[in-house]
Structures are given as structure tokens and as C-alpha cells.
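> Can you keep this structure in mind? I'll have questions shortly.
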């Protein structure tokens, strides 16, 4: 035994209080490393037969080292595929700000509804990983709901109330306002069932400027400050000249009923000052005679006595004569129309098919589908077949106070009576 080995044995014995023989055994197993040999000695409980003790120790006394399982991979959607992307922009374009989200002006910032409807939805590339399948199923369901209840952005005007009044006045169109609550399912049903109907859209495009407002955003709150609203959804028609609310509804409509309601309004009101139809604001009524001063009564009497009575009588006579002649021609023309000209079966609904309502004097209504290419005479033929007495007595059909007998050879589309309500009157 050399000096180094003797020193190791002595140190081992001093620390472990064991014999030199045990020290040599443990040092031999530890390849002369004193620290390892001492550790082996205490872990084996000071067993003399270190060879067998060291070999058996791992399975008997030494605990098996536990290796922590790797962290499971997780995936999260950093950008919602239904994020509000403004139409007409691209991901690489300059209209996108920080993080890939589009820069939107004040009019485009619209809160999503309860189904995350957005003006446009730009699909993002999906990864070809196993985890993407579950996400795609959830995303597709959300996408279907968003599409189903999506607001009618194709007919909504992104204007403020003041801007809408200016625009509608220049175009001689009414302002149709729909006030909604973003979390109300009844409001979402309007988007799904009413505003997506093509017949409703057609009437709106022809006669109205359409605004859809949310009651918790500034344009909607401004509307409520000017016009009291009991509940939502709220639908109103505004006169663009004065801003007056001339018609309002707070109930649900079927598309057919709403088209009828709009046509009833258009039948009775006009923005054309030269028209003979009613102004919704009401004509200024003349002051009653008893409320006039003596001077006003005198001026009225003088004006009446000097009012060209003879010329007025002659003009009225000429007008009556012309009307009688016109009615005679119309009656003969309508009388020649055979009710058999109208097909027994209605055409199936489609893009080239419209619904026309006939309102009778007693309040009854007849509704039928016609092709847009059908002549107006076919509507007369239908009326002669369904209206009692129409095949024997002269009658007229009018739309917006204008008789349609002069348009008998025109198509329904050319006459502009698609999705309208016509007034029936016996002559």
C-alpha cells in the first residue's frame, strides 16, 4: 500500500469509524475517490460485503429516479378568423395596422352582434396539424351563425343622421331607420328573416336610404335623444326635409307584410311637392272663418266674388269631359281582357318572380305571384277572376294614384309595380 492509498484509508476510517479492510473495499469500488467511497458506505449501511451490497442496492434501497414527463404542446388562436376585416382590403395591404388588424374609420367601427357578425370575413390559412380539426369544427359553426345573422351591409348606408338627411333630400328618398340592441335575439332575427329578403331589399333600394343603428353606440344614442323609443327592435321612417318621424313600428314582420306596409306608406305619402298625393307633414289648414279678423273676412269675400267664376266653370267642364272620354277608353280596353289570360298556377318563387297585392274597397286583399316579364294586363285578368263583380262592372287598378290601364302592354317590371300594393276601385 503506497502513501496516497494509506492516506485515503486513514481518512475513510476516521470519517466512517470502520476498519481499514472496509475502507479498502469501498475505495476499490469507488476507484480511489474518497467522497464516493464514503457515500457508498453510508448508503449501504456499512455492509462489509460491499461488492454485493453495491450491486443490489439500487433495486432494494435506492429510490428510482423519476423523470418528469415533457410539457404537452398547446395551440392557441392568436388571430380570430372571424376578426372584423373591412371589405376590399388585403392582409399585405396598407389598410392593416399593427398585428394584422385592419385600420377602420369611424363609420366602419361597428360592434359585432351576439354571433360575431362582421361586415366581411377574411379566411386565414389553416395549419395542416391534427389539432386544427377541432378548431375548424368550432370555427365553421361560428362562421355559419355569423353568416346567418349577418346585418344587411349591402343596403346599409354608413352615414350619420345629418348626412343621411342631406343625401336622402337630394335623392328624394325617405330615411328608413332600424334601431337594434346588439345582444337582443329579436333584433338578430330581423337580420336573418327580414332584411335579407330580396323583395324587401328591392323596395328599400328604390325608395329609402337605410340606416341600421345600435342603441349603445353614439349614432343610436343620438337617435334616441331625438325620437323616443319604447323597445327594440325599432323601425322608423323619417322625413329627410324636416327630420320628423312620420312612421314607426316596434313589432315583428314577415317580409311580405313589411313590403305591404312600406307600399301602403308610399301610396299615401310623397316627397314630390308637385304630386297630388298627401304630404306626411299635413297641409296647412286654412283658418276658420270665425277665427278670422274683419279685414281677413272682407279680403276673402272680395277674392271669392272676383275669382274668375266663368273661366273656372269652363275649365272644370273641359276637364270633366276629358276624364269621361279617358274613362270610356279605359273601360273598353279593360273589358276586352279575358280572365283566362291569367294562368291557374302561380310561378314558383325566384329572382324573376314578384308578389303583388290587390286591396279591395271592403278591406279584403288578394296576393299573387307574377313573373316580372308578365304584362300588366295579366294582373287585370287575375283581378277579373277573383274579385266579385269585376268581370261585369268597369274597374281600375291604381298605384300611387296613377291608373295602370295605360301600361297594359308593359311588363310588370317596366311599369314598376313589382312588390307593390294596387288599389282596386269600381268605376
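Backbone N, Cα and C atoms are what each Cβ position is placed from, and that goes for glycine too.
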> Would you mind telling me which one of 7, 28, 157, 371 Swiss-Prot calls phosphoserine?
371
> Quick one: sort out which of 86-114, 115-143, 173-201 is the region 'Disordered' according to Swiss-Prot.
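Per Swiss-Prot, the stretch marked region 'Disordered' is 115-143.
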> With every protein chain in view, how many other Cβ atoms are within 10 Å of the Cβ of residue 371 (phosphoserine)?
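For residue 371 (phosphoserine), the 10 Å Cβ neighbour count is 17.
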> By DSSP assignment, list the helix, strand and coil residue numbers for the domain 'UBX' (349-425), in that order.
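Counting residues per DSSP class in the domain 'UBX' (349-425), I get 18 helix, 28 strand, 31 coil.
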